[in-house]
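Annotated features in TrEMBL:
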{"type": "TRANSMEM", "residues": "C:12-30", "note": "transmembrane segment"}
{"type": "TRANSMEM", "residues": "C:37-54", "note": "transmembrane segment"}
{"type": "TRANSMEM", "residues": "C:60-79", "note": "transmembrane segment"}
{"type": "TRANSMEM", "residues": "C:91-110", "note": "transmembrane segment"}
{"type": "TRANSMEM", "residues": "C:130-152", "note": "transmembrane segment"}
{"type": "TRANSMEM", "residues": "C:181-200", "note": "transmembrane segment"}
{"type": "TRANSMEM", "residues": "C:212-237", "note": "transmembrane segment"}
{"type": "TRANSMEM", "residues": "C:244-267", "note": "transmembrane segment"}
Amino acid sequence: MLAFTKEYIGKIGGKVVGEEYLPMDGSDWTAIISKLKDSKADALITSTAGGAPNVTLTKQLRGAGVSLPYANLAVDEGTAKSMGADAEGIYLSASYVTGIDSPENKTFLAAMEKKFGSGLKTPNDLSVPQYEAVYLYKAAVEKAGGTETAKVLEALPQVSVTGPRGVIKMDKQHHAALTMYLGQVQGDGSVKVVGTFKDVDPGEQCPKLK
Amino acid sequence: MAEAARELEAAAGAALALDGVTSGYGAVSIVRDVSLKVAPGEIVALLGKNGMGKTTLLKTIMGLIPSRGGSVAIDGQAVAGMSPARLVALGVGYAPQEQPLFQDLSIRDNLRLALPSDRLLPGALDVVAGHFPFLKDRLAQKAGTLSGGEQKMLILARALMLRPRLLLIDEISEGLQPSVIDRIAAALAAVRGESGASMLIVEQNLDFALRVADRWAVLKLGEIDDEGPADPGARERVLSHLSV
Amino acid sequence: MLLILDVLTTAGILFVVSIGLLAVFGVLKIINFAHGAWLTIGAYCAVIAAELGLNPWAALPLAFVIGAALGGLAELFIIRPLYRRPLDAILATWGLGIVIGQLITLGFGRDVQMTPNLFSGTVEILGVDYSAYRLVALGAALVIGVVFAAAMEGTRLGLSARAVIMNETLARGLGIDTVRVRLVTFMAGAGLAALAGVLLTPLTSVDPNMGVGWLIGAFMLVMVADASLVALAVACLVFGAAQVLISTFVSPILGSIAIAVLAALVLRVSPKGFSRA
């Protein structure tokens, strides 16, 4: 992910002025943040393990007064919410954010709210695909006329389902082209869609599968 | 029950009564079946060569080593299993031999640590000054910087300052010049004269022991080998036990 | 300048995190491997304080009291029977840490908790903008260190604790209630750990396992300091500097293992660590 990012930054005429790593469970970003400030970088892209490490890094960044444009490749909306004001302005990319402005998403969110109420955990692009996958499987089983594995597999690329993310169809070597969203965390913790990349092709994933 | 009652009855009237005391470390019993009495106001010297169990016996009485058998009574009260803190409250003073001082602490703090409360400090310092006036003038000095004799006097002063009824003293004369030994002997005599305290003193210095004690007992391989009064014939009798 | 501030504040944070462990190790002669769990307890006290609508700073005394109270219970029922079995005490405290982590998970869930900022923003020092909170944490380390030293030097309980550290047999022989000294010391150590947990909240995510990562560093520092407060301060400064310098000039990955490796080296050369110097 970071290799791709570096290549892309070079391609659009940018320059990577620094690249730093910490062990997965590392919690002390002191030296790295000081180097970041020293580098006079214009923007920051991070990719930690999901959840807690994001929070630790963001707290220390904000504590040190780092406010440059910041894109996080590993944060989900729920984690961003738990960071409160510290998360404001962070860019994140995902195939699902709650801010998708579509009737399907609004219906989905309203239904979730109704079912779970205050216990609702923020849906993200880990949980929504599971939700859609169940419906996709249902459609495949219906088309195959039973649950026999080989028949369901055969039927899977021929069906589609319309979920919170729109139409999902696993017709690219049993992968689905997904629309990717660039979101930005708002002051209230919600994520606003600031860029949409329609139906990103998954590329060669399983070349031998038709 | 009857036996316990009998033991207490036997202990009645004694300042310290040991009956069949056995104790030691790990699997080894160092003190075996020791019975000994110290009458009120009496000074008993516990003699014997190194490694015969004298220090272990004092530690057992003081509750620092659990006894494995027998009974210990102080003024008729069974004290086995009591913590050193409770024994101090009962009026026992202890002057240990091994690492007896906090070398890095001041004289004042070394004394404070042996008091249940800082409120007792002024009175205790008066007692200390009565026996060894130099200590009161050097309260801020670190104990580790005192000379060997001064350290011994501090150890003794600390054991005396709460005016105990029973004193357990472990080799207080060890390595001391005759002049310091005289001062210590005088202090012990004065304490007994003033408060009638009883004492059990562990000694290697036979002359000093027989000078201050009323009676003696020789401990050999953890058992009482012989005991008797500190009379003119005592020296020869004790030596006969120590020479083998 | 940035580097100096990084070193000083890192040392301060390490000191805050380690001092509770040092107190317990010095007097009780056991390593409290549940120390990390008490850091977590403290941080969750900050969460509770926020839920109750208290001032964020009120979490500090709250954490100290709750940490000390829970520490007292742990000493009474778990640690006390194990004083003569230090290896079992390691297992027991490690297990206790796991249990506490799971209880917190049951009570609060696995999620990262939001805590209010104790102190936000930056201040300019000699031309560099620096995290105001890290400076506050450094100040807190100094205050805690001075108060702790004053308590050890100036109170009777502190004197008794030092006596137990220096020569426990003698302390007992003089009638010091070593059982009580141990209990109170463990409570103080647990309270300080919880206090440190609150002070960590602006620096790290608050989740049920947050304390574990800090435990190893604290353990290494205490081993090197060998129950001496001054040696602990020196160790935090030296190892904190090593961590920052290696992270800055070599690699943050090596920097993150600097404390553990250097502590092992120091103990190899001098088993008493820094305490003799």
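One-based numbering along the chain as shown.
Placement of Cβ uses the backbone N, Cα and C atoms for every residue, glycine included.
Across C:60-79, C:130-152, C:181-200, C:212-237, C:244-267, the stretch most heavily in contact with the transmembrane segment (C:12-30), judged by Cβ pairs under 8 Å, is C:181-200.
Remote same-chain residues near the transmembrane segment (C:91-110) are listed as 30-38, 40-41, 44, 47, 74, 78-79, 82, 207-209, 211-212, 215 (criterion: CB distance under 8 Å, separation of at least six residues from the stretch ends). Per-stretch counts of Cβ pairs under 8 Å to the transmembrane segment (C:212-237) identify C:130-152 as the leading one among C:60-79, C:130-152, C:181-200.
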